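**Q** When I checked Swiss-Prot for this same protein, it listed these features:
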{"type": "BINDING", "residues": "T46, C47, N48, R49, S88, E93, N94, E95, Q99", "note": "substrate binding site"}
{"type": "ACT_SITE", "residues": "C47", "note": "active site, nucleophile"}
{"type": "SITE", "residues": "H78", "note": "site 'Important for activity'"}
{"type": "BINDING", "residues": "G164, N165, G166, M167, I168, A169", "note": "NADP(+) binding site"}
Amino acid sequence: MQILTLISWDFKRNNNFFNQAVLNPYEYWADILEKNGISRYVILLTCNRVEIYLRAGFPEDLEAMKPNVLHDEEAIKHLMEVSSGLDSMSLGENEILKQVKEAYELSVRNGKVDKVLSLIFQKAIFVGKKVRSETEISRGKVSVPSIVYDILSSRVVQKVLIIGNGMIAGEIAPYLSGKFEVTIAGRNIDHVKDLASKYNYSYTTINDLHELIMRNDAIISATSSKTPIIRREEMVEGKLYIDLGNPRNIEDKPGADIITIDDIYSVSNRNGSARMESVDEARRIIEIEMASLMNKIKDVMIDEIFADFYKFAVVVQKMEIEKFSRMHPEIPASDVEAFAHSMINKVMNIPVMTLKSVARSQSNQDFSRIFSKFYDNFSDLVSAALQSYEGRQDTQSLRDRTRRLLQRS
């Protein structure tokens, strides 16, 4: 029996199809699932991944996009690694845990989760929090923008000048929003205006660079220039200079407070090494929580199938009560019903508890295989039992008869 299927595209694998998949909004994926009769799912969409978690079925429409496909334990383990930050571009990032939580909550609001799917995602969110609180996986910044932000925050800095409007400048700009007064400067006023307008920053050209340096506390140079942008004679004492260029954008000057891209990388590598040391510890936490979760899933699946069996027992109970009441009209029907109900509960309690105990001693694969066979044949077994019980030998569909009897109950 299928517990969970993951269909995914991400930045690590199948890049060609990922570039296509990541452009599609939530509604696109939900529409495909619904058209394929799939109603229990969670869709996780980020800049680096498209992941669709299903309880049952498989949308054949997506096969042409060559997705990664994982089933059951592998799919659940992957989700826990994602929520823990082990599968992120930046190891241990915090944002992904929030994104997993939001994806799950959206499916809850839309009525797209069942008990098993809820168990899986609630556990994954719990594991993500536990890994971060009990390991160093998220401690210490590793990205250039976050390290630059920490450096600025540790100094007496209010006004920041960013020189450049390329990729690095674009990555740093959002980190400073709301914290510093930022001006973006470059050679092309239209280009810097486009970047500055996203965050309501000031913008200008670098025609009078010395004056710009005078007006700001920290100067970040992030251009691809092959020659220095800031020369010694333009530098002002008491300013913080952060040079993210390669080659260098800022000339050396004795006594100047200059932090280079090599200094940034040194911090990143040091913090990254500390995070890597936490990976094994994080995986141990995932392994322990996986075992706990799988036992809960087994319990839920057993409860669900015995709930169907209980419905069958109620059908039989009603028939027997009717017969007994005709034979003994002097006994109140309510007393007979109470007695029968109590007997069913007591009789069923032992096999349910026993099966749960046995299930926990079986490997997850063995349990899934055995349970699938039992579940797939259950309706036929109940139908045959009903036919035998009623003593009827007609051509009516056993499955239809069972369904009607269960509805009557």
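Glycine too: its Cβ is placed from the backbone N, Cα and C atoms.
Keep in mind that what you see is a predicted model, and the values were worked out from it rather than measured.
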**Q** Which of the binding-site residues T46, N48, Q99 has its Cα closest in space to the Cα of M167 (NADP(+) binding site)?
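**A** Result for M167 (NADP(+) binding site): the nearest of the binding-site residues is N48.
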**Q** Drop a 10 Å sphere on every Cβ of the binding-site residues G164, G166 and tell me which sphere holds the fewest other Cβ atoms.
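**A** Result for the binding-site residues G164, G166: minimum number of other Cβ atoms within 10 Å at G166.
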**Q** In terms of DSSP three-state secondary structure, what is the assignment for N94 (substrate binding site)?
**A** coil
**Q** I want the residues beyond G164, N165, G166, M167, I168, A169 whose C-beta is within 8 angstroms of the mean position of the NADP(+) site's C-beta atoms, in chain order.
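**A** For the NADP(+) site the neighbour list reads G170, E171, I172, L195, A222, T223, S224.
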**Q** Do you know offhand how many angstrom separate G166 (NADP(+) binding site) and H78 (site 'Important for activity') by C-alpha?
**A** 34
**Q** Within the same chain, and leaving aside T46, C47, N48, R49, S88, E93, N94, E95, Q99, name every residue whose CB is within 8 angstroms of the centroid of the CB atoms belonging to the recorded substrate site, in sequence order.
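**A** In sequence order, the nearby non-listed residues are M89, I96.
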**Q** Could you measure between C47 (active site, nucleophile) and Q99 (substrate binding site) for me? Cα positions, answer in whole angstrom.
**A** 11
**Q** Quick one: Cα separation, N48 (substrate binding site) versus H78 (site 'Important for activity'), in Å?
**A** 15
**Q** Return one of helix, strand or coil for N48 (substrate binding site), based on DSSP.
**A** coil
**Q** Sorted by position, what residues of the same chain at least six away from N165 (NADP(+) binding site) have a C-beta under 8 A from it?
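**A** Within the chain, N165 (NADP(+) binding site) has Cβ neighbours under 8 Å at I184, G186, N188, H191, V192, D194, L195.
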**Q** Roughly how many Å lie between the Cα atoms of I168 (NADP(+) binding site) and N94 (substrate binding site), rounded to a whole value?
**A** 21
**Q** Name, in the order they occur in the sequence, the residues of the same chain whose CB lies under 8 A from the CB of T46 (substrate binding site) and which sit 6 or more residues away.
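**A** Once residues fewer than 6 apart are set aside, T46 (substrate binding site) is near I96, Q99.
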**Q** Helix, strand or coil by DSSP: which one applies to H78 (site 'Important for activity')?
**A** helix
